């Protein structure tokens, strides 16, 4: 996969691409990440990327020209692919695991990171394929949001995680929150690991994990259960918990 990031603050990404799993993914050629300062594509002596909005109003808007030209430039470097051009914006579609899995199937992603009051609307209408938000709050720019999406996508690429099952069993990947985890020692200051996890009976352990995953989702994110395909056993567990309230 190739990931291009367009930002007027490219140095912000050095910490993300130079550490941990993303660094290893780049070194192992599972993904290539290139950060471009789209200010370099702005016309004029001073390379200005923003301007006042027509009709007045507070703040400045990112101009269409530098972003259009920057996207065109990164496309020309990968002419054999048709990239998803992703605009990081609080008005976009809420990012989730399903979207991460969809993006992970692509060959080329281009992230546009904004600043100031917003974007010239022609960028939305004629350039991007996706508008993505990481939540109902405002950040200084789109860089942190792009980092979050990029991290979520890269870890799903084949060969990136040491254990291929890790991404499959994570919270949200199954539609439910993940079950509790424990490691050694079995007794830490009187706080004990559930006996069933020490039993060695894999069938019991899997059922316990399934039940605890459902219970955690029921208690913390019941909205996730609205369209979840529950088994008969899971329906029985939910009824027990509901009746005990």
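For all residues, glycine too, the Cβ spot is worked out from N, Cα and C.
Binding of S-adenosyl-L-methionine is attributed by Swiss-Prot to 134, 135, 136, 137, 138, 139, and the same site annotation extends, among 114, 159, to 114. Shown are the binding-site residues 134, 138, 139; of these, the residue with the fewest other Cβ atoms within 10 Å is 138.
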